[in-house]
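Reviewing the structure listed below.
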Amino acid sequence: MSLQIDAVILAGGMARRMGGDDKGLVELNGKAMIEHTIERIKPQVKEILINANRNQTRYAEFGFTVLSDEHTGFLGPLAGMITAMGHTQADYLLVVPCDCPLLPRDLVARLLAAIKANDAELAVASDGEREQPVVMLLKPSLRESMTAFLEAGERKIDFWYAKHRFAVAAFADQPNAFVNVNTPEQKQRLAAEINQS
């Protein structure tokens with residue numbers, strides 16, 4: 001029996017460092033940032049969900065289910081993850097941010113391999129130096145634990161997953177895979193990299 005793996009693209013943040021622009025909709029090389037992300041992960045998963053707290057109609061134009069946080073008040077990535085975990089029947093949920101256009105094309109395979117090798121509940125990606133807390137594969141059954149953590153006033157994803165059996169999948173061979181866009185300057189640099197990839 002093959003596993004079902006769905007994905008959620010997190011596009012629910014305030015993007016303060018981008019002057020408040022909705023990062024997923026910022027154009028990069030003629031496409032919305034989220035389109036680059038969709039292209040990278042679509043072959044790796046069954047269903048894609050988009051977590052967005054504004055411009056929902058615009059996000060719906062990409063052809064996927066759009067979910068807004070069940071917990072109101074822009075509470076960060078955990079709120080979007082909790083919402084998505086409540087809307088999937090999959091065995092695993094892939095979590096990625098909307099502003100990482102160079103995500104690995106073998107992201108799911110390597111995260112899943114790390115889970116199996118370590119008998120873990122979730123796997124987090126690493127660029128070889130640092131863990132990437134918003135790039136992970138996890139069991140949706142962890143929703144209750146994550147909800148309790150958020151409702152206790154906690155926000156840091158790495159503090160949450162440290163409480164669970166987690167594995168790290170290293171992508172040191174793809175050092176730019178998790179480069180994201182927080183400033184207009186980073187956007188310019190990334191545009192040049194995409195042209196070369």
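Glycine is no exception: its Cβ is also placed from the backbone N, Cα and C atoms.
Swiss-Prot lists L10, A11, G12, K23, D69, D99 as GTP-binding residues, and of the candidates N51, N55, N118 the one it assigns to that same site is N51. Taking the Cβ of K23 (GTP binding site) as centre and 10 Å as the limit, one finds 23 other Cβ atoms among all the protein chains shown. With a cut-off of 8 Å between CB atoms and residues at least 6 apart in sequence, the same chain places V8, I9, L10, A11, G12, V66, L67, S68, D69, G80, M81, T83, A84 near N51 (GTP binding site), listed in sequence order. Secondary structure at K23 (GTP binding site), taken from DSSP and collapsed to helix, strand or coil, is helix. Non-local neighbourhood of D99 (GTP binding site): K23, G24, V26, M33, T37, N180, V181, N182, each in the same chain, at least six residues away, with C-beta under 8 Å from its C-beta.
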